[in-house]
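Student: Take this structure first; my questions come after.
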Amino acid sequence: MAAQGATAAVAATTSGTVGEGEPGPGENAAVEGPARSPGRVSPPTPARGEPEVTVEIGETYLCRRPDSTWHSAEVIQSRVNDQEGREEFYVHYVGFNRRLDEWVDKNRLALTKTVKDAVQKNSEKYLSELAEQPERKITRNQKRKHDEINHVQKTYAEMDPTTAALEKEHEAITKVKYVDKIHIGNYEIDAWYFSPFPEDYGKQPKLWLCEYCLKYMKFEKSYRFHLGQCQWRQPPGKEIYRKSNISVYEVDGKDHKIYCQNLCLLAKLFLDHKTLYFDVEPFVFYILTEVDRQGAHIVGYFSKEKESPDGNNVACILTLPPYQRRGYGKFLIAFSYELSKLESTVGSPEKPLSDLGKLSYRSYWSWVLLEILRDFRGTLSIKDLSQMTSITQNDIISTLQSLNMVKYWKGQHVICVTPKLVEEHLKSAQYKKPPITVDSVCLKWAPPKHKQVKLSKK
């Protein structure tokens with residue numbers, strides 16, 4: 001097999017990054033305020049011979065982000081980048097999602113009095129402008145939506161004790177993102193999170209990946225040689241969907257273990273909260289690709305357990321960053337529900353979902369339900385909606401609550417809608433029809449035989 005034989009970790013818990021219209025890393029990450037960000041200033045030239053403070057691990061410094069704003073950042077780790085021949089520091093921007101953590105050169109840290117004074121002066125001017133603005137009050141619901149959209153990280157104090165303990169343990173294990181970039185196909189992509197690539201691979205600033213077999217390499221020379229030798233031009237497994245240039249392959253983790261392990265290592269670079277397993281055999285992977293004359297190029301995927309005791313129809317879901325905001329995330333979500341319909345079951349993504357995953361699922365659920373409510377005439381229950389869509393009743397209730405379309409009356413949830421309210425929601429860009437939809441006619445798939453037997457007994 002063309003992919004690597006090293007034992008790798010597999011993602012088994014949803015932390016979906018599906019990427020439909022949500023901000024990318026670094027966008028809208030600061031709390032709402034004036035258009036000009038605090039701390040935006042062209043770095044002044046330090047006086048000749050002006051001493052710099054020594055950078056120490058665990059200390060906090062002002063750091064210039066890629067958008068030229070300055071923020072407090074804790075230095076987590078340092079390294080010598082052998083590929084670039086320079087010293088770098090791994091920083092976490094205080095109060096921001098860990099997705100934005102990055103390796104920076106020393107010249108992006110405010111280490112002299114001249115630079116620190118200039119940043120401080122600019123920040124004070126920003127705060128003065130902010131104080132002159134009319135006071136705005138926001139509701140708890142508005143704050144929740146704001147925090148989801150802008151990736152505001154919860155503090156440990158805002159979590160229950162068990163969650164806080166797990167978060168601290170998770171953060172300690174995955175604190176430093178050594179692999180900073182990957183090259184795959186025609187794209188060079190910044191990594192978002194730590195991924196447990198084995199041995200020396202996990203400490204390289206950059207990895208090269210074959211987009212067909214997903215073999216990962218430390219050196220560009222090895223990568224170029226591999227491209228000339230690799231015979232793969234599509235994922236392994238069975239093609240179960242093809243429409244125009246969109247294709248989906250079903251890959252059994254038991255039959256294609258190394259490919260699926262490599263896929264999970266790739267996905268972990270863009271997914272934070274996951275439980276990692278070494279065994280991919282209990283999972284089936286659905287690989288979404290764009291097809292051209294060169295081959296089938298991986299766009300994203302979702303995985304699901306062959307047997308889910310909790311009724312989950314998705315374990316992990318990801319759209320690779322270059323393909324986000326193009327409708328592929330909602331396509332993957334819709335595809336998972338098409339499979340559930342063929343299985344005559346209801347399903348829900350495994351929790352926890354990432355912030356971006358929550359936004360995409362909520363947007364998809366809202367659109368599906370609004371489309372039904374707009375065209376339906378007569379009496380309709382939440383159970384009816386669940387049977388029609390394969391969405392769980394709990395997910396339907398939470399979605400309708402977010403749309404102010406359900407009330408709790410006499411011990412049960414009651415749908416309360418008007419045609420006008422439905423149309424108003426459908427006019428919103430947030431709930432518009434996805435640009436790419438699943439054509440069930442093009443889906444060539446049936447549930448496994450053991451599941452068909454179970455369904456026939458129900």
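Cβ from N, Cα, C; glycine included.
Pulled from Swiss-Prot, these are the listed features:
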{"type": "REGION", "residues": "1-52", "note": "region 'Disordered'"}
{"type": "MOD_RES", "residues": "Ser37", "note": "phosphoserine"}
{"type": "MOD_RES", "residues": "Ser42", "note": "phosphoserine"}
{"type": "MOD_RES", "residues": "Lys113", "note": "N6-acetyllysine"}
{"type": "MOTIF", "residues": "140-149", "note": "motif 'Nuclear localization signal'"}
{"type": "REGION", "residues": "174-458", "note": "region 'Sufficient for interaction with KANSL1'"}
{"type": "DOMAIN", "residues": "174-447", "note": "domain 'MYST-type HAT'"}
{"type": "ZN_FING", "residues": "207-232", "note": "zinc finger"}
{"type": "MOD_RES", "residues": "Lys274", "note": "N6-acetyllysine"}
{"type": "BINDING", "residues": "Ile317, Thr319, Arg325, Arg326, Gly327, Gly329, Lys330, Ser354, Ser363, Tyr408, Lys432", "note": "acetyl-CoA binding site"}
{"type": "MOD_RES", "residues": "Ser348", "note": "phosphoserine"}
{"type": "ACT_SITE", "residues": "Glu350", "note": "active site, proton donor/acceptor"}
Student: Hey, of the binding-site residues listed (Ile317, Lys432), which one tops the CB count within 10 A?
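Tutor: The largest 10 Å Cβ neighbour count belongs to Ile317.
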Student: Using DSSP with the three-state reduction, classify Ser348 (phosphoserine) as helix, strand or coil.
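Tutor: DSSP call for Ser348 (phosphoserine): strand.
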Student: Which secondary structure state does DSSP assign to Ser363 (acetyl-CoA binding site), in the simple three-class scheme?
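Tutor: Once the DSSP labels are grouped into three classes, Ser363 (acetyl-CoA binding site) ends up as helix.
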Student: How does the zinc finger (207-232) divide up by DSSP, counting helix, then strand, then coil residues?
Tutor: 10 helix, 5 strand, 11 coil
Student: Of the binding-site residues listed here (Ile317, Arg325, Lys330, Lys432), which is spatially closest to Ser348 (phosphoserine) when Cα positions are compared?
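Tutor: Result: the closest of the binding-site residues to Ser348 (phosphoserine) is Ile317.
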Student: Between the Cα atoms of Glu350 (active site, proton donor/acceptor) and Ser363 (acetyl-CoA binding site), find the distance and write it as a whole number of Å.
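Tutor: That comes out at 17 Å between the alpha carbons.
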Student: Considering each pair of residues in Ile317, Thr319, Arg325, Arg326, Gly327, Gly329, Lys330, Ser354, Ser363, Tyr408, Lys432, all listed as binding acetyl-CoA, report the largest CA to CA distance in Å, no decimals.
Tutor: 37
Student: What whole-number Å value do you get for the CA-CA distance of Lys330 (acetyl-CoA binding site) and Lys113 (N6-acetyllysine)?
Tutor: 49
Student: Kindly assign Gly327 (acetyl-CoA binding site) to one of the three DSSP-derived states: helix, strand or coil.
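Tutor: Where Gly327 (acetyl-CoA binding site) sits, the three-state DSSP reduction gives coil.
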Student: Among Lys113, Arg325, Lys330, all listed as recorded positions, which has the most CB atoms within 10 Å of its CB?
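Tutor: The most densely surrounded of these recorded positions is Lys330.
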Student: Give the number of CB atoms, excluding that of the residue listed as 'active site, proton donor/acceptor' itself, located within 10 Å of its CB.
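Tutor: Excluding its own Cβ, the number within 10 Å is 25.
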Student: How many Å lie between the Cα of Lys432 (acetyl-CoA binding site) and the Cα of Lys113 (N6-acetyllysine)?
Tutor: 51
Student: Any idea what the Cα distance is from Ile317 (acetyl-CoA binding site) over to Lys113 (N6-acetyllysine), rounded to a whole Å?
Tutor: 46
